[in-house]
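Some notes on the structure that comes next.
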Amino acid sequence: MTGRVCVLVMDSFGIGASLDAARYGDAGANTLVHIYEACKRGECDIDGVRKGPLMLPNLAGKGLYHAAMASSGLPFIDLSALAIPSGYYGYAVEQSLGKDTPSGHWEMAGVPVTFEWGYFPDKSYCFPEELISEFIKQCNLPGVLGEKHASGTIIIDELGEEHIRTGKPIVYTSADSVFQIAAHEEAFGLQRLYDICKIARNLVDKYQIGRVIARPFTGKPGSFKRTGNRKDYATPPPEKTLLDFLKEDGREVIAIGKIADIYAHQGVTQEIKADGNMALFDATLSAMKTAPQGSLVFTNFVDFDSSYGHRRDVAGYAHALEQFDVRLPELEALLQPDDMVFIAADHGCDPTFPGSDHTREHIPVLMFGPQVNSKFIGRRDCFADIGQSIAEHLQLSSPLTHGVSFL
């Protein structure tokens with residue numbers, strides 16, 4: 001059993017449009033480069049928070065910019081001015097058919113999603129009538145509000161007051177395979193929201209919907225705010241993932257943030273919840289202080305996606321990247337000789353792109369540790385190469401079905 005592995009998923013941090021991006025309406029998307037260029041133009045200054053060019057010295061030192069240049073071919077930075085990266089660096093291409101959170105995470109853990117998710121059409125009353133009527137009946141509701149594609153923050157501003165007055169939850173979707181339910185934590189009840197989400201999870205299975213998401217909020221009309229009590233009710237992966245194999249082998253699999261939800265709580269030995277990227281980083285550091293040899297610490301940093309990518313907040317995304325970057329030395333200080341850290345993403349969500357949806361992009365693949373030398377691993381043809389490499393390092397008895405190790 002060799003060392004430990006820590007995986008940091010920078011949710012939505014793509015580094016260049018995939019070759020098939022046009023099929024998804026995402027030709028030209030590049031989350032990193034477009035944020036970098038916006039900062040360079042002075043468009044991401046926030047009084048008292050950040051100013052000027054994007055500053056990611058630690059990620060750059062691990063090969064982020066080298067990987068991004070290889071991914072897109074865009075000469076957005078002079079690589080000759082940078083030091084040789086201190087770790088493995090490259091980029092990966094998604095084989096799954098979607099550009100969503102479960103697809104990216106499952107593929108990373110060795111299970112590409114080769115089937116088509118179900119989606120709801122972008123029109124008024126977008127959900128099947130039988131689904132909504134059965135949902136109302138089984139949940140004993142007076143009705144529902146919304147029933148359309150919408151931004152989660154906008155729809156609670158639009159319908160939150162009516163929701164409180166009528167007791168009708170707000171149901172909506174997006175370009176992802178999701179059925180989302182928003183409700184006020186106090187007026188409707190947080191546990192009640194979770195209960196109706198569980199009912200919805202069973203009802204949407206026949207439509208091949210990837211996730212039911214509880215979207216609780218608080219506040220009063222004009223100042224509603226989503227809380228950190230979100231829960232994702234995902235359909236289980238179709239095959240065993242890296243997490244399952246590790247758990248079966250007696251390893252600790254410590255899921256931080258929404259990781260456990262993404263894998264439908266399968267293959268997880270410990271769940272740690274935290275709200276916000278910095279709290280998630282704190283939880284990761286705490287886990288690494290006590291995680292035993294042979295274990296996996298797996299964290300999803302959701303704010304990049306939910307707070308900045310979807311909301312097309314370029315300056316906020318830039319600031320979040322810099323906050324993440326400055327914490328990396330704290331993690332490095334906790335690494336034992338045989339530990340490895342993997343940094344990746346699950347899809348893109350270019351905040352400069354039209355709309356509010358994910359973008360089909362390559363992801364960065366960065367790996368470092370006390371005994372890891374510098375190496376360009378090039379283009380990886382499947383996110384599962386990450387999982388296969390983790391399996392090899394942790395000396396699992398048998399390799400994953402998908403993916404090629406780059407160790």
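Cβ atoms are placed via backbone N, Cα and C, with glycine included.
Record features, source Swiss-Prot:
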type	residues	note
BINDING	ASP11, ASP346, HIS347	Mn(2+) 1 binding site
BINDING	ASP305, HIS310, HIS358	Mn(2+) 2 binding site
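Here the features listed in Swiss-Prot are placed on the structure.
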{"residue": "ASP11", "record": "Mn(2+) 1 binding site", "contacts (Cβ under 8 Å, 6+ apart)": "THR101, ASN300, PHE301, VAL302, ASP303, PHE304, ASP305, SER306, GLY309, ALA345, ASP346"}
{"residue": "HIS310", "record": "Mn(2+) 2 binding site", "contacts (Cβ under 8 Å, 6+ apart)": "SER151, GLY152, CYS349, SER356, ASP357"}
{"residue": "HIS347", "record": "Mn(2+) 1 binding site", "contacts (Cβ under 8 Å, 6+ apart)": "SER12, GLY14, GLU94, LYS99, ASP100, THR101, SER103, GLY104, HIS358, THR359, ARG360, GLU361, ILE363"}
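Counting neighbouring Cβ atoms within 10 Å of each of the binding-site residues (ASP305, ASP346), the lowest count belongs to ASP305. Those same-chain residues not listed among ASP11, ASP346, HIS347 yet with C-beta within 8 angstroms of the centroid of the Mn(2+) 1 site C-beta atoms are VAL9, MET10, SER12, PHE13, ASP100, THR101, GLY104, HIS105, ASP305, ALA345, GLY348, CYS349, HIS358, ILE363. Those same-chain residues not listed among ASP305, HIS310, HIS358 yet with C-beta within 8 angstroms of the centroid of the Mn(2+) 2 site C-beta atoms are ASP11, SER12, SER306, GLY309, HIS347, CYS349, SER356, ASP357. The DSSP secondary structure for ASP305 (Mn(2+) 2 binding site) is helix. Residue environment of HIS358 (Mn(2+) 2 binding site) contains 31 other Cβ atoms, counted within 10 Å of its Cβ in all protein chains.
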